[in-house]
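Peer 1: Below is one structure. I have some questions about it.
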Amino acid sequence: MTPAGLEISGGETVLFWVIAPLMVLAALGLLFVKRAVHAAMCLVFVMVSMAILYIAQEAPFLGVVQVVVYTGAVMMLFLFVLMLVGVDASDSLTETIRGQRWIGLLIGIGLAVLLGAVVGRAAFPPAAGLNGGDPGGVANPQGLARVLFSQYVVAMEAVGVLLVTAAVGALVLTHRRRLTPKQDQRAVADARVRALPDGVVLTPLPSPGVYATSNAMDTPALGPDGEQVPQSVSRVLRIRGQEKAAPHAPGTELVETQAQVGGSRSTGTREGEA
Amino acid sequence: MDITNYVVLAAVLFAIGATTVLLRRNAIVVFMGVELMLNATNLAFVTFARMHGDLTGQVLAFFVMVVAAAEVVVGLAIIVTIFRTRRSASVDDVNLLKG
């Protein structure tokens, strides 16, 4: 640990200049990407790259912990919550507070300039490095454990208590107390029959359409009158705006489709080969 | 290459995370911005540990990770609860205290 000075190898330089721009790009994706799931993927990329940088910076233990804790646990938790929550399209781009976007952007750029100025003007000591090329140096997990369990043992215990408290707190927060009697099958059926005069259908909702050109979940079925039945497409797809039009909606392309069916045996075989 | 490049990278990532918190309106994405800021400080900690030849920086980064994990658990639980009652995860819709 003598401050013999640290030579950063050429390999590490290349690694840094490859990874750092990609990390900044992915972090900017967090700012500009529209869907929350894509933002989560960008953040996963940033965190895995961060783990690589930790390992390059003589912190192998922290690199492994970064992968296990952040990408393994935290981001998976984010994705689970997105599955629970993400159906609503809450990322509308209309401003509710006027000028908030520009003020926010200004503050962000100001922060970046300020931090850059501080880092640029600070006088850093010559880098000492942890190992100094010595394989038995302090930068291995054993050295870290020695510091953690001697100097910081009280903090370690407090952090353990904090983790248990957080787990219990999350359980309490997400626990739902039942305020109304349980809706069993009988009650649901009775409620449907009672709502019959209000135009509620008694039968299950129609299933999505299956056509020669598509049998996907996002195309609505056609009713007996030739109109599309919007209820036949899943609510989630309708909210996201991923619903497609039926291939022959109200009378438009019906003749054309018949012509295709009549005179395109070759088309069918081509599709079969593809 | 100078080792301060890592510090510059950490500063850039921190600023991007802060801007995300200020600009985005989906509560989950705002939360991801907070995570990015915590990660950026961790990178600075690890770099300073290497710069000074002292492992304390790495220990502090470790503690930041643990606290961040606890914070994520509680924060996401709150978001789920709010979504259940308000059917929305937008930070602008939480205005129950407004008259």
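Here the Cβ of each residue, glycine as well, is placed from N, Cα and C on the backbone.
In case it's useful when we look at the structure, here is the feature table from TrEMBL:
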type	residues	note
TRANSMEM	B:6-23	transmembrane segment
TRANSMEM	B:28-48	transmembrane segment
TRANSMEM	B:60-83	transmembrane segment
Peer 1: Give residue numbers and ranges for long-range contacts of the transmembrane segment (B:28-48): same chain, 6 or more residues beyond its ends, CB-CB under 8 A.
Peer 2: 3, 6-7, 9-11, 13-14, 16-21, 57-58, 60-61, 64-65, 68, 71-72, 75-76, 79, 89, 91
Peer 1: Please indicate, using numbers and ranges, the residues of the same chain that are 6 or more beyond the transmembrane segment (B:60-83) and have a C-beta under 8 Å from a C-beta there.
Peer 2: 27-28, 31, 34-35, 38, 41-42, 45-46, 49, 89, 94
